[in-house]
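What follows is a set of notes on a single structure, which appears directly below.
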């Protein structure tokens, strides 16, 4: 969007934006200096404060920026965020419910004639489960690059959703193991767009302090799908078996696939694009939301406008944080692999087929409530580490109980607390985007890569719960417990890395609110100078229609969330 000429507040430095006719060094404010020996860097000395501990809002206001703490600003922000929640989150959660139903209805079909009719061995069934992730892993990065380049997720995502609904329904036509292989690989390919694309959308619409709650709400789609799957499956298995000469498991794929296609058509008219080009917002609201995200991130946040895909790919793989997050999510995924076998686990507790399906509903509903509470509390406290470690530790306790006893009541209780450990997983999802600074292509590729890499955990989990280990599955529980311990260690490592990064930012840019590296005098605190890239700051100022001072201030205020 083209920036308009900003106004100049009385008493502030020059607010004019850089233009080709007026280069940066000809319009630099008094307290912004360009080093004559190095035109690539701009130095901004934050020593104008008369208060030793200025808040970000006060300093922004002193520099001519809008007061983000004012009632008017907060009310407008609340109104827009509420609108985004209604329009974006509701449709994403609904799609995610269907995503998990279509992907995992094979686990329900397993004990209801699917394995028998296709004459599958235990290994062939596990292979059919895991082969979905071949296409799913391979296409996630290209999909996010393509969605960023096209810039129209409102069209791209619904088309992919309709495709996987059709492919999922085609599972009903499978007659051999080879048919199953083909359908599962194609299903993984068309499903690859959704989850990394949804995470990218959330990171474009929501600030760091809002992502854990929205990640928990999004992932609640998979949790609720587990609950709904039991209800829907019980209804279909009881009422559709033999209808039109088809077994119940075929109706399961046909009905759920048809529902997915219908929702995909509706999503074409509901799902928004990115903040800068959403057709549901006025130009003023677009500018407000884009600027809000840029000030939160400390840099421009318009997808596709910062560097190219190749640059983003290189930056992604060079960032150690990306690899730590990838292994963190993978170990958590393996530990949560019991999700794929929940109907089998409840069947070891209750012999009746329908009852074993229905009993999964309260388990997953409890998990949903814990995830939601944990995500909201994480955002309010602006903390991630302990909101991941505590749920995983509770899950470890559940695995210990399951491995140590065959008592029905104890194992049923253990399933509840094991399922509640999903709260830690959703907080990991909400930690990814805030841990990976822009440019937008790097963020899009990193989100896709981390999620794709973690699917190796789903492939591994397909073999962690073999039927030969029934009914105790103690070996499976020990493996899951070990993975959670490894995940906790990676969480601590990641926090340590971010703490070091924040200390570097403190030294390089100065701290707004805390004197660092300077002496406090009666005149006020002395802060270190902030050295930044001239083109980077100029681009941020022009993109967001703010002054150079405000752009520098946004960059100076950025810190990683721990």
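Positions of Cβ are set from backbone N, Cα and C atoms, glycine also.
Straight from TrEMBL, the features:
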COMPBIAS  1-11  compositional bias 'Polar residues'
DOMAIN    88-503  domain 'Major facilitator superfamily (MFS) profile'
REGION    1-44  region 'Disordered'
TRANSMEM  84-101  transmembrane segment
TRANSMEM  125-143  transmembrane segment
TRANSMEM  155-174  transmembrane segment
TRANSMEM  180-204  transmembrane segment
TRANSMEM  216-237  transmembrane segment
TRANSMEM  249-271  transmembrane segment
TRANSMEM  322-342  transmembrane segment
TRANSMEM  354-376  transmembrane segment
TRANSMEM  388-406  transmembrane segment
TRANSMEM  412-432  transmembrane segment
TRANSMEM  444-466  transmembrane segment
TRANSMEM  472-493  transmembrane segment
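Between the transmembrane segment (388-406) and the stretches 125-143, 216-237, 354-376, 412-432, the greatest number of Cβ pairs separated by less than 8 Å involves 412-432.
Confidence over the domain 'Major facilitator superfamily (MFS) profile' (88-503), given as mean pLDDT on the 0 to 100 scale, stands at 87. Counting Cβ pairs closer than 8 Å and at least 6 residues apart in sequence, the transmembrane segment (125-143) and the transmembrane segment (472-493) reach fewer than three and form no contact.
Ranked by Cβ pairs under 8 Å to the transmembrane segment (444-466), the stretches 155-174, 180-204, 354-376 are led by 180-204.
Counting residues 6+ beyond its ends, the transmembrane segment (322-342) has Cβ neighbours under 8 Å at 104, 107, 129, 226, 316, 360, 363, 392, 395, 415, 418, 421-422, 424-425, 428-429, 431-432, 435-436, 446, 449-451, 453-458, 460-462, 464-465, 476, 479-481, 483-484, 486-487, 490-491, 493-494, 497 in the same chain.
Within the same chain, residues 95, 98-99, 102-103, 105-106, 118, 143, 146-147, 180, 183, 186-187, 190-191, 193-194, 197-198, 246, 249-251, 253-254, 256-261, 263-265, 267-268, 271 sit at least 6 positions outside the transmembrane segment (155-174) and bring their C-beta atoms closer than 8 Å to a C-beta of that stretch. Between the transmembrane segment (412-432) and the stretches 180-204, 216-237, 249-271, 354-376, 472-493, the greatest number of Cβ pairs separated by less than 8 Å involves 354-376.
The largest share of C-beta pairs under 8 angstroms with the transmembrane segment (354-376) comes from 216-237, of the ranges 180-204, 216-237, 249-271. Residues 89, 92-101, 104-105, 108, 112, 198-199, 202, 248, 251-252, 255-256, 339, 342-343, 353-354, 357-361, 363-365, 367-368, 371-372, 374-376, 419, 422-423, 425-427, 429-430 of the same chain lie 6 or more positions beyond the ends of the transmembrane segment (216-237) yet place their CB under 8 Å from a CB of it.
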